[in-house]
Amino acid sequence: MALMCPRPLLRYRSFAILLFAPLLLLPLPITVPTRVCLQYLNDTNMLFVGGLIVAISVERWNLHKRIALRVLLILGVKPALLMLGFMIVTAFLSMWISNTATTAMMVPIVQAVLDQMDNTENDVTMMEQATGQTNTVIELEEKNASDPTPVQVISNGQVPDGTRSSEEKKMKKRICKGMTLCVCYAASIGGTATLTGTGPNMVLKGQMNQLYPDNNDVVNFASWFGFAFPNMILMLVLAWLWLQCSFMGFNFKKSWGCGTVRTAKEKAAYNVLKAEMKKLGPISYAEFNVLVMFALLVLLWFSRHPGFVKGWASRLFPEGEKYITDSAPAVFIALLLFILPANKPKFIGWNSSMSDTEQTEEDIKKPFLSAPLLDWNVVQRKMPWSIVLLLGGGFALADASANSGLSAWLGHQMTPLGSIPPWSIATVLSLIIAVFTECTSNVATATLFLPVFSSMATSVKIHPLYVMLPGTLSASFAFMLPVATPPNAIVFSYGHIRVLDMVRSGIVMNIIGVFCVTLAINTWGRPIFELDTFPTWANSTTNQ
């Protein structure tokens with residue numbers, strides 16, 4: 001009997017391997033002192049990778065789609081509210097997962113809603129025409145019963161285009177353009193709100209740590225969110241007003257539905273959203289686990305170093321607080337996603353009163369933990385490794401520029417700019433970046449310009465973040481061209497908009513973005529980052 005006791009332990013072998021393998025490998029970095037290129041595996045890159053792994057888990061279990069549909073059902077399907085709902089959901093999801101993944105998930109939902117509204121409009125038009133022509137058809141049948149004139153209908157049940165007025169068709173096209181453009185614009189805007197939301201934000205974080213190592217962690221998740229989130233809200237509202245006026249017209253009663261009954265098209269749109277929500281079914285064990293991990297990560301980020309009170313990092317690690325950065329919670333939660341099961345674990349142990357035949361082989365071989373929430377194959381397939389390498393290359397370039405003296409030389413050449421007011425410098429630089437990012441990737445734009453802006457700021461003795469923050473945010477303002485950013489390309493591929501439509505809307509969007517950023521750094525940004533002073537950590541770096 002004693003020999004049979006270890007057999008049920010086979011069910012726990014995966015758990016034991018998961019627990020003891022890292023412990024056995026811990027001495028390896030000490031016993032084998034090899035050097036790694038730190039710029040490609042620094043703190044910022046680990047924060048980026050950890051955040052992306054959490055985002056991949058959200059995508060894998062369709063948690064983002066459940067959140068999107070729930071918010072849209074709550075907000076309603078009136079034209080203005082529907083567009084606002086699409087923008088709010090897209091912006092919120094883009095704060096945490098990639099802009100491309102958010103757009104790729106939202107545009108099919110928008111398309112399904114638009115198609116159902118169009119089909120319902122066709123059905124209503126056919127019913128109205130059939131009702132209006134009833135008397136005429138009866139008279140024709142009485143006059144010439146042998147030669148009836150059928151009503152012309154297309155095989156798919158739609159009335160020919162000739163029966164629609166040109167004004168209705170134009171309005172339908174404008175609505176399609178506005179509804180699809182709002183998704184890609186909201187995706188770019190939403191990514192600016194969090195430190196891990198988009199690549200340029202991570203470039204700024206890495207460049208600050210690289211160029212100013214004694215900056216006292218001035219740019220962290222909490223400080224960035226306090227600065228960028230209000231800016232995102234302001235941009236989102238202004239963008240919604242602009243798209244509403246340019247594509248749908250600002251008819252308050254029609255757009256908001258005040259005092260009106262829900263039309264057939266609005267009911268159809270609501271039914272589409274409700275049907276998609278029903279397909280997801282009740283929330284699964286895996287979705288709940290991912291939601292808890294996501295909420296825990298956000299809580300750890302905000303409470304690590306909130307600023308007004310001591311965070312958990314300083315309380316738990318009073319001597320080593322500087323080593324506990326935003327990347328620590330991100331990597332910790334990412335590791336948990338590879339451990340936590342996707343299904344409820346079943347505790348089936350060995351029963352000594354049962355015979356060998358009763359203790360089935362299947363129960364013994366069944367593992368203690370089911371498949372985890374994430375596996376490496378999924379992460380390897382969805383992880384944008386090119387962006388990780390691009391970030392590392394940018395940090396290496398910044399390090400080389402500082403060590404070679406190139407940054408100091410560039411800063412010296414920009415000394416005459418000290419006679420220009422700082423707010424005008426920031427505004428002009430934001431406009432330059434907003435135009436430049438239409439032709440290059442936002443990460444490459446930030447990587448190229450931020451070291452130059454840093455050198456310029458230290459030369460003219462203004463706070464480096466006063467010019468680096470607007471440059472970082474403006475790198476995400478790629479609104480004018482389909483090739484400017486993947487969300488624009490996804491929306492353009494659906495065929496509702498032309499390049500000229502995107503250019504016309506994008507010009508105004510760029511102006512809105514630069515205006516909001518200029519307002520942000522000159523109002524609430526000043527106390528958050530102390531932009532009115534030239535910091536000592538920047539001065540010490542300059543003197544080195």
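Note that the numbers count up from 1, one per residue, in the order the chain is shown.
Just so you know, glycine gets a Cβ as well, placed from its N, Cα and C.
Just so you know, TrEMBL annotations never went through curation; they're auto-generated.
Copied over from TrEMBL, here are the features:
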TRANSMEM  44-63  transmembrane segment
TRANSMEM  75-97  transmembrane segment
TRANSMEM  221-243  transmembrane segment
TRANSMEM  283-303  transmembrane segment
TRANSMEM  323-342  transmembrane segment
TRANSMEM  387-411  transmembrane segment
TRANSMEM  423-453  transmembrane segment
TRANSMEM  505-524  transmembrane segment
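Counting Cβ pairs closer than 8 Å to the transmembrane segment (505-524), the top stretch among 44-63, 75-97, 221-243, 387-411, 423-453 is 221-243. Looking at 44-63, 283-303, 387-411, 423-453, the range that has the most CB pairs within less than 8 A of the transmembrane segment (323-342) turns out to be 44-63. Contact check: the transmembrane segment (44-63) against the transmembrane segment (387-411) gives at least three Cβ pairs closer than 8 Å, residues 6 or more apart, which meets the contact criterion.
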